[in-house]
Amino acid sequence: MWYFCDIIGHIWQSPFILFYLFAFWITPAFLHPQCLDFKPPFQPQQELQFCQMYKYFGCCDYARDQELMAKYYRIMDNFDYYGYSNCASYVQDLLCQECSPYAAHLFDAEDPSTPLRTIPGLCPDYCSQFHSKCRSFLSLLSDDPRLPELKHDQHRLCQYLELDDPDYCYPHLLSNERLTKNLGRTTADSEGCLQLCLEEVANGLRNPLAMVHANDGTHRFFIAEQVGLVWVYLPDRSKLEKPFLNITKAVLTSPWEDMNVVDHGSERIILEIDEPASNHNGGQLLFADDGYLYIFTGDGGMAGDPFGKFGNSQNKSALLGKVLRIDVNDNERGPLYRIPPDNPFVDEPSARPEVFAYGVRNMWRCSVDRGDPITKEGKGRIFCGDVGQNKYEEVDIVEKGRNYGWRAKEGFSCYDKKLCANSSLDDVLPIYAYPHKMGKSVTGGYVYRGCENPNLNGMYIFGDFMSGRLMSLKENRNSRNWEYNEICMGVGLTCSFPGLINNYYPYIISFAEDEAGELYFMSTEIPSAESPTGVVYKIVDPSRRAPPGKCHYEPLSVRVRSSLIQFKPKETLIGVHVPTKHPRLSNTEEPPDAGSKDRLQELLDSLREQDEQITPTPFPPTTPKPLRTSRQRKGRRRKGKHKKGAVRLVGDEEGRRDRGRVEVYVNGEWGTICDDLWNTKNAIVVCRQLGFHHALKAAKHAEFGEGTSLKIILDDVQCEGTEETLLDCQHAGIGVHNCAHYEDAGVICGNSVSGLE
């Protein structure tokens, strides 16, 4: 019997990465661009004005560029026209080497035994020219006490300014093709293996099987161990002492726990499937962009799917060997789940209506592509790693109604000759399959959609449990083929940046992404559920980074009972309220009587008293809008006069004014906001605009119904939380969207932290 409430399964895996860049060979010891902060260079967000030679790739942002330009003019103000005309270019060159991708080399910052240079290392011929024309500038460029002693002796001065490694002296490094040919691109060794690095995020875990983020603005993430514990990690990577979920044994706890502990009494079995064997248990449950629950089942176990004439996977009347899709929304009463009306086989009498796709063997891990951050290309695609039988492991993109071939086909190869003769399987091919002898088993992967590693965008990174191999795929937009690269850890100086390592435990179990889209994988030294050798690693490209500050985010605070765990000093709870639910009722139970309601009210009063002990800190200073009365709001609606950007809440069944679908008024009409990226900072703007103090929840996936009678006005809204209206936030443009009404956004607002007033 397979219980879908048990997500802790067997380890049958192999990782995959989507990764496309130019491969090239460079001796790692020579190629090591590094800034004075000991981090990789970057492309500035705003084009540099002074050090323009490094405007595409270097170590200065716009602010530092302006500081260097101001210093340049302070220096040049000390000289006449002759000095200006002869030495201006030298002064600019020397100042701008702080922006060079090789700044750490030029200023000798890598050697801790030597002081940081104040003038970059110069090539002898350049130094001679500078000395003969502009040596009087030295005291203004640097406060090094040795320079006044040496400035009259060209030989000694140039010897003092020379570097031990002549490859990096200025300006010859600019013409050194070995250093500059592929600057800023991900490096590869002579065999084309892409060299990446890692950052250790968590350790001491017992077979970490899965990691997911909270998706609520707090940037928490949850890690599941095979023993049945799920732990909460905060953005600073500290681990909460109490598990979020403990299913190691039957545990009864109060349903009034806070948001970092699951209500163990809320467990319900949604679906049961009989399994004929103990292996091939699948391994993934996920909610995709459409809001439905996807369930990935194994083929039933043993070898070759020997069940029935065609096997379970090809039998659409069986739930094994399938991708199932069900609707579990609003299932407190009535059926435990519903069938989405557009499931592909709902009208086929011999098929189970839950089936979304079939012909799979044992999909261990799957992921949903959040799409390109700007174009949204690829958004919503579901990638899965399917464990092979004898010859191939494969990676698939799951599509509605598709047959993925097993047991007729294994990867691209024919497995059952009688079944694979069926011509209808000719177009059922994985996007990639690799030989079984190279590793076993595929552990799934993720498409990189983060900010910190620009070169990795659009790269599907995956791995293999038995061999410990990391691999990558990238779709060629012209041919639509998937191009493959091995991934190896950087050698030599490649990973010699703060916090980076180039080794990992070989048994790769699973992949994950955090709320910001950065990519992780989990592995262990000893593949045992009791061995505390599991580690979570973050994948890092050492060849370049995002501009400083571009990937910065402010996590929302997380409340733990009557105290606050604060990621930012004196920041109040915003948008992380989880409504408390009653214990689940069996079909034979009656609703609670009046006495139960009184007991519930006592608990609510107790919680309110705890929350009143917390002194909330106000929002960052803004210009508050006067709070209108209900009569004033109604009067304005009667006249049909609405300010551009006005908002209203609709769709709450009980008619409460503090929650509902957000509708915005633009260009004389009301419309909805359709956004699966809707977050609490956006909700803050709406709630404050309506006169509330707090945003308790950013509701997504049409929680308050679909506004199908209205146009979709806004999509991809990104607020800082201080804007006056949503129109002041970043968005795709008025009326521009790539979503549907099933993603209509809503909010729950309140005037107290607890939301229980």
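Every residue gets a Cβ built from N, Cα and C, even glycine.
Owing to the predicted nature of the structure, the values given are computational and were not obtained by experimental measurement.
The feature compositional bias 'Basic residues' is assigned by TrEMBL to 628-646.
Long-range Cβ neighbours of Cys729 (disulfide bond) (same chain, at least 6 residues apart, Cβ-Cβ under 8 Å): Asn682, Val685, Val717, Gln718, Cys719, Glu720, Glu723. Marked as disulfide bond by TrEMBL: Cys719-Cys729.
The domain 'SRCR' feature in TrEMBL is assigned to 647-750.
The region 'Disordered' annotation in TrEMBL covers 578-597 (among others).
According to TrEMBL, the region 'Disordered' annotation covers 608-646 (among others).
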- Query: Mean pLDDT for the domain 'SRCR' (647-750), as a whole number?
  - Reply: 91
- Other C-beta atoms within 10 angstroms of the C-beta of Cys719 (disulfide bond) total 21
